[in-house]
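What follows is a single structure, written as structure tokens, with notes after it.
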Amino acid sequence: MDNQLQRDTYYMELALKQARAGADQGEVPVGAVLLSGNTILAQAANSPIKNTDPTAHAEILALREGARISGNYRLPETTLYVTLEPCIMCMGAIIHARVKRLVYGATDPKTGAVASRYRIGQDSLLNHQLEVTSGVCHEQSTDLLQDFFRRKRQKNRK
């Protein structure tokens, strides 16, 4: 395993920890970690239900906290790790923040805006494109989501 993959796996495991914490609160298990160099700026879990905020996706919350900590809404030279391929809203925020690199685990064939459904991050008409690495901890990310929705369906049947 090369150094970059080891590093990506380490930070994705932190994002998975956030996703599990969100699942424990009844939220869809998506977690994010925002990194600047070797410094973690922010970690977040999905929390739209808890926050009664439809924009409270893990990515958005991590970007907000990273911007607050850095004192700048632009976050160049950062890497965002997220357990699920970001949606259109999150990709818009990621691009607007000028995140340098995005690393995600599971693909999202329904609403994925990186490669599965849309390819927003690679749109040459936008003023920022970012480096993307997909599939890091894919199996763990996918299993976490599938288990969450399986339990939710079983609970709803009762």
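Using N, Cα and C of the backbone, Cβ positions are placed for all residues, glycine too.
Any TrEMBL annotation is an automated prediction that lacks curation.
Just one of His57, His96 is listed by TrEMBL for the same Zn(2+) site as Cys87, Cys90, and that one is His57. For the domain 'CMP/dCMP-type deaminase' (6-133), the DSSP-based tally of helix, strand and coil residues reads 48 helix, 29 strand, 51 coil. All protein chains considered, the CB of Glu59 (active site, proton donor) has 28 other CB atoms within 10 Å. For the Zn(2+) site, the Cβ centre of His57, Cys87, Cys90 serves as reference, and the other residues of the chain with Cβ at most 8 Å from it are Ala58, Glu59, Ile60, Pro86, Ile88, Met89, Met91, Ala93, Ala113.
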